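Here's the structure, in structure tokens; my notes come after.
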């Protein structure tokens with residue numbers, strides 16, 4: 001094996017993304033047609049392409065949608081599920097309701113979305129999996145090499161296999177990256193971890209020394225720092241703190257035996273749980289209970305998220321007078337861009353609630369809250385599936401695999417399948433979606449309405465210090481900046497601010513997000529890169545050279561110097577190094593996982609906004625309006641003083657995507673929500689507008 005010092009020298013040679021020049025001949029046909037596949041829970045997307053969309057016009061269906069041929073037989077959930085939102089380090093599980101009522105609105109904890117299996121997708125449940133976990137002991141121990149030895153240090157792999165060059169993406173803006181974090185936080189949060197700041201469980205001392213096994217907490221899985229680390233060796237850091245995710249074996253869940261399965265404490269659905277919370281108790285803490293509104297606090301003429309009651313605990317604050325927010329998700333304060341979008345989504349709820357109240361003054365608080373929430377979620381799903389996901393998965397891929405449809409504006413897509421498990425896949429949350437950390441930019445520009453750069457912020461200075469967005473005109477300036485500044489290219493480079501300075505507080509260095517991603521892969525016992533390649537219909541590699549179809553020779557040499565065997569390559573690592581599929585922002589292995597996940601997320605959601613159920617759905621006129629929702633409109637309606645935006649806010653400004661007045665950007669006409677039973681002649685000319 002090559003010495004660690006030599007490997008680190010390789011890391012400094014500046015090899016960047018040779019893989020980006022490779023082309024994948026299979027195009028969007030990610031999965032080969034395998035009717036005899038040994039993976040019964042996989043939907044086989046190349047086969048999906050042969051199925052006709054089930055699109056219905058303005059009348060509701062009189063017969064059920066055709067059965068999805070790729071779903072596994074219905075089976076009861078194998079674990080107990082709970083409803084409480086745990087603090088870091090704890091998880092509380094409870095059984096789902098024995099009986100579900102069919103109501104017009106989602107529950108807050110995700111229960112009863114599937115009426116016959118009410119625990120599917122609920123908060124505090126197990127992640128799903130595509131492949132059996134690969135624990136070292138078959139039960140819960142982190143993954144090891146096929147030789148029985150430990151795998152190479154996650155930090156070493158981060159340094160050698162991944163660069164840190166600044167390569168802006170000419171096509172996509174920082175809002176594209178930031179919306180991805182919104183979706184990530186909405187779908188997944190590992191039990192037992194803060195995931196946004198310094199963890200209370202210490203596996204390393206404050207000066208970076210490893211705590212002995214005899215005194216370390218049982219959940220410790222510290223990342224070993226190589227002795228000649230180009231950053232941490234300057235301050236003598238020997239390890240990076242890492243705490244394992246809690247599983248069904250660690251909690252009071254009804255453990256069913258077999259390998260441990262990690263728990264997620266948020267709902268699996270795209271339901272804006274990060275805005276509304278994952279339980280009645282959590283939601284009650286952030287609701288105003290008047291006019292259907294959520295709590296906001298007014299300062300300096302603007303409306304903000306409510307302040308935390310534990311400022312020094314929730315934020316990296318020196319004293320309790322600093323701005324620190326509370327919301328439906330404890331990670332709200334993690335970075336300025338995230339806090340801005342959570343504020344915008346909260347303001348959007350209240351904007352809708354106020355408009356509905358004016359249109360339907362007979363509505364009580366509960367009806368206004370639920371209707372505003374329902375519309376807010378529908379707009380969010382429209383933006384996510386029809387504006388954001390095509391950038392990542394490719395529009396052609398999504399159409400072929402029935403994630404989106406070219407349907408008439410008022411037509412329903414009745415594709416809900418009660419046999420589809422909507423649970424977030426471990427391979428998705430722990431590996432595939434984390435690849436897009438490469439889009440993070442360490443410099444955040446502040447722009448005027450004329451798009452002149454007024455200044456910039458350094459990301460690591462403002463982790464868990466969100467108060468900067470309330471200073472002066474920073475809220476609008478950062479919002480414009482994120483809509484104008486390019487994100488980092490989706491490649492093998494990770495910005496220095498997250499590779500050496502993550503959550504650094506007042507220290508010279510912080511943690512390394514790419515190292516954390518790799519270590520989490522091993523903590524969760526994810527199947528190897530080679531196993532997942534085969535699962536997704538690619539050729540299994542029988543030697544290092546077998547990876548050459550998707551990974552460039554220089555990168556393969558780096559991997560060979562790191563791993564004892566080609567069978568050891570972590571999924572998070574190998575799939576991140578693949579050449580991208582044309583038209584998408586990922587290689588075929590991650591694209592396979594992402595496509596599978598977002599198919600399940602859509603088809604496994606009874607409340608998905610395009611479904612035409614008479615009780616849970618929208619009218620054809622309302623659905624036609626919801627399809628006008630856009631990221632640009634969301635920003636225009638909920639900034640402080642934003643008056644212009646490009647129509648496609650996830651894409652950089654160009655001749656085909658110019659900055660235009662907000663008044664020219666289509667908006668959802670909320671007058672379509674007038675209760676016709678009581679108000680047949682309301683003059684609605686100004687309702688629903690800013």
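The backbone N, Cα and C atoms fix where each Cβ goes, glycine too.
These features come from Swiss-Prot:
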DISULFID  100-112  disulfide bond
CARBOHYD  310  N-linked glycosylation site
DISULFID  315-324  disulfide bond
SITE      331  site 'Transition state stabilizer'
BINDING   437  heme b binding site
DISULFID  536-592  disulfide bond
DISULFID  636-662  disulfide bond
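Here the candidates are the recorded positions 315, 324, 331, 437. The one whose C-alpha lies nearest to that of residue 112 (disulfide bond) is 331. Less than 8 angstroms from the CB of residue 100 (disulfide bond) sit 111, 112, 115, 118, each of them six or more residues away in the same chain.
Between the CA atoms of residue 324 (disulfide bond) and residue 310 (N-linked glycosylation site) there is a gap of 8 Å, rounded to the nearest whole number. The distance from the Cα of residue 662 (disulfide bond) to the Cα of residue 331 (site 'Transition state stabilizer') comes to 30 Å.
Cβ neighbours within 10 Å of residue 636 (disulfide bond), excluding its own Cβ and spanning all shown chains: 22. Between the candidate disulfide-bonded residues, 112, 324, 662, the densest Cβ environment within 10 Å is the one around 324. Distance noted between the C-alpha atoms of residue 536 (disulfide bond) and residue 331 (site 'Transition state stabilizer') is 33 Å. When the recorded positions 331, 437, 592, 636 are compared by Cα distance to the residue listed as 'N-linked glycosylation site', the shortest distance belongs to 331. Separating the Cα atoms of residue 636 (disulfide bond) and residue 331 (site 'Transition state stabilizer') is a whole-number distance of 25 Å. When Cβ atoms from all protein chains are considered, those within 10 Å of residue 315 (disulfide bond) total 24, not counting its own. Residue 331 (site 'Transition state stabilizer') is 28 Å away from residue 592 (disulfide bond) when you measure Cα to Cα. Non-local neighbourhood of the residue listed as 'heme b binding site': 494, 498, 513, 514, 517, each in the same chain, at least six residues away, with C-beta under 8 Å from its C-beta. In this structure the alpha carbons, written CA, of residue 331 (site 'Transition state stabilizer') and residue 315 (disulfide bond) are 10 Å apart.
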